[in-house]
């Protein structure tokens, strides 16, 4: 019996710039997590444990990415969607059994590590849209509501659960945002009107967020029945210097750290702000530590890495023919961009702080594994596209060769007749 060999080689036709950028950002992220963990209470042993743990996450994430890139099949996902949905719901539900961390019941504590299922729900949302809305028959008699009702209610249910039960608004908004953008990708007559209204709604939402960040917006928020900490985040976003020793403590110190970094920074490991001034120096505020230590040069490494991946993903989203492939590629673009905007916007007080990590860089096994799974999905799409192009070229070359041989044979016969 022939056993299918397990290989850690990327599939033929994979995108090397995306691969290189993901690896470089992961390694850079591990280095910055180690630096961010260097506090007054840390020891050599604790730092070694942090390094080993993060490296294990990188290795596991890389293996998961390769396996997905080589073997993922959307048809298999479609056929087993109900089972995968139950698994996703089960993982999200199990978190309620475990104690809350920073006010959110979003983690499964396995002692040696914690798992945050909502990170994987982001990928599940992308694949849900690709499954139900992409590549639909253009002649279908189904109404717009019939087309969108399943993915709409599934994504909405996950969003509400993460907000209400897990109390993790940041992750919930990211899940909804990614799915929202994915719905805009498929081209279908029954979806056109909905997509137009979604564009308008997105514009209204941006204007609304700007309004809520004003003094009038803050006064309105204070009248609503929402938790005090959320009101504090809006106030801090409106004016980070208003309560610098209270709700604005971390943001104020993070901004000071970034200002001190300048162009070249204070040197790796030399951040001062992480010593008690930034409790989340290795997670939410890791960018502040990075800029303080490595300056704009360090920030440029992250931007170039992100930019490389985003450029390649957008480029291939225009090349591929299947809508499901476009959804996966652009869904991953949305995934990366939303995290980037929310993290940087939060620590610079441009938007309220959400607690969303900086992908590839912040400490956290779940976010690292989830984004690498998403990269694996995109590499699977790109590999299939490139191999299809190669096969077409080979067929064309074979056809040309056969035509040339036939022409020579006909010429030979004509010569013999003459």
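Backbone N, Cα and C define each Cβ position, glycine as well.
Automatic prediction, not curation, is the source of TrEMBL annotations.
Feature transmembrane segment, per TrEMBL, maps to range 147-163 of the set 147-163, 232-248. Range annotated as transmembrane segment by TrEMBL, chosen from 169-185, 373-389: 169-185. Looking up the ranges 47-69, 392-414 in TrEMBL, the one annotated as transmembrane segment turns out to be 47-69.
In this chain, the transmembrane segment (47-69) lies close to the transmembrane segment (20-41): three or more C-beta pairs between them fall below 8 angstroms, excluding pairs fewer than 6 positions apart. Contact between the transmembrane segment (251-273) and the transmembrane segment (81-100) does not hold: fewer than three of their C-beta pairs are under 8 Å, each pair 6 or more apart in sequence.
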